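Enquirer: Got a structure for you, written out below as C-alpha cells; questions coming shortly.
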Amino acid sequence: MANIFIAGFGVLSVLCAALFMYTRTAVPTISDAAFKQFQRVYLVVYMLAMAGDWLQGPHVYALYESYGMTTHQIEVLFVAGFGSSMIFGTIVGSIADNFGRRNNCIIYGILYGGACITKHFNSFWVLMLGRLLGGIATSILYSAFESWMIYEHTKRGFEQESLGTVFSHAVLGNSLVAIVAGLVAQFFADRFGFVAPFDVALTVLMIMTVIVVFTWTENYGDRTTNIGHSFSEAWKSIRTDPKILCLGLIQSLFEGSMYIFVLEWTPALTPSEPSATGTARRLLAASSETIPHGHIFAGFMVSIMIGSSLFKLLSKYSSVESFMRFVLVIASASLATPIIFKGNQLVVFIGFLVFECCVGIFWPSLGQMRGKYVPEETRATIMNFFRIPLNMIVVAILLQNLQMKVIFQCCVGFLFLAALSQQWLFSMVKSVNPGSSVIKA
C-alpha cells in the first residue's frame, strides 16, 4: 500500500509543475518593479517566519517522549499551546494595532526563539512555558504579518487584485518551505538528536528578526485608542458588519477543521484497532511503520501548491466570494471519505489530497476577502478575535476521547457551516452591487 502514497506524490508533483507553468502563461503577471520589490521584502521574511515554525513541528512529540513524559503530560502540553493562543491571541492583536505590526513581528521572533530554547530542559514546567510562548507567537504569526503587508500594500497604492497574487505566492512558498524544513529537521535530528531541529529553528528566527529590523517600516492600526477601546471597536465591527462576522465564522470553522485534520490524518490512513479511540489511536498510528509519513506529508504540501495555482485561475474568471462557496462544499465532502470509505486507503488518501488542495485555495482567498472587508484600524485585533472559537474547537476535540468517525463527522459539519457562511457573504455582496457580475470577463 505504501506504493500508492509514493506514486501519488510523484503524480502530484508533475501535475503541480504543469499547472504552475500553465498559470504563468494564462494569468497576466504584474510588471510593476515597485510591487515586485515590496512582494520580495515581505515574502522573504514570511518564509523565514514559517520555516521557524515548520522546523519545530515534526519532532515535538518525539522530544517529549525522549524526556520520559507520560501521554497525559504530552496532551496537557499540547492543550497549553492551543489554550495560550486562544487566551492571549486577541490581546496580541490589539497590541499590534496600537504599538506596531513590525514591532509585533519582532516579538514573534523573540518569543518563538525563547520557546525553542526551552526544549533543552527536561522539565515539564519549563516545557510548559515554551508551549505558552509558542502559542502567543503563533497568534502573532497569523495576524501581525498579514496586517503589516495589507497596510503597506494599500499605502503604496498597488491594485487590489495584486493582493491576491501576494497571498498566492505566500501559500506556494510556504508549502515548499514546509517540505524543505521537514527534510532539514530530519537531517539534524538523525545526527544530533531531537533538540537539534529547534536550534536550527532558533537560528532561522534570529535571521528573520534581524531582516525585519533593517528592512521593514512600521505601521499601525488606530494609535489614538488604548487596547481596551481597540478591543471594543473590534467587537463593534463584528456586531455591526455581517460581512466581518461571516469571514470570522469561515475562518474559525475551516481552520478548526484543518487543525483537527492535522491531528487525525495519520490514524485515518493507518490500519489500527477498530475500537481504538482518542489518544490510543494516535499512539498506535505514531508508532506504526506501515505508511510513509514523509511522502504523504510532501503530497499534502504539493496539493496545497496546486490549490494556490488554482486560486489564480479561478480569480481570473470569478470573484472570490463566489467560487469559495463551491470550494468549501468540496472540502466538506472530501473529509467525509474516512466516514464513508473507512479502511479504503486509496479513496481516503485521494479525499485528503482534495482537502489539501482546498486549503491551498482557502488561504489566499480568505486573505483577499479580509483585505476588502476588515477595517484597517482594528485589523489584527479582529483577526485574532476569531482564533478564540478556532482554538476552542481544537481544544475540545483534544480533550475528548472520541471515535475517529465522530471527529470527521464534526469536521464535515464545520466545513458545511463554513460554506453556508460563504453563501451568506456572497448574497450580501451581490445585494450591495446588484449590477456587478460575479463572473469576470
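Each Cβ is built from the backbone N, Cα and C atoms, and glycine gets one as well.
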Enquirer: Among 18-38, 291-311, find the range that TrEMBL records as transmembrane segment.
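Expert: So the range that TrEMBL calls transmembrane segment is 291-311.
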Enquirer: Would you say the transmembrane segment (194-216) and the transmembrane segment (76-96) are touching, if the rule is that at least three C-beta pairs must lie under 8 angstroms and be 6 or more residues apart?
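Expert: Counting Cβ pairs under 8 Å, fewer than 3, so no.
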Enquirer: Which of 43-64, 166-188, 323-341 shares the most C-beta pairs under 8 angstroms with the transmembrane segment (124-145)?
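Expert: That would be 43-64.
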Enquirer: Is the transmembrane segment (347-366) close to the transmembrane segment (323-341), in the sense of at least 3 CB pairs under 8 angstroms with a sequence gap of 6 or more?
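Expert: Stretch pair touches.
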Enquirer: Could you check if the transmembrane segment (347-366) is in contact with the transmembrane segment (166-188), meaning 3+ Cβ pairs under 8 Å among residue pairs at least 6 apart in sequence?
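Expert: Contact between the transmembrane segment (347-366) and the transmembrane segment (166-188): present.
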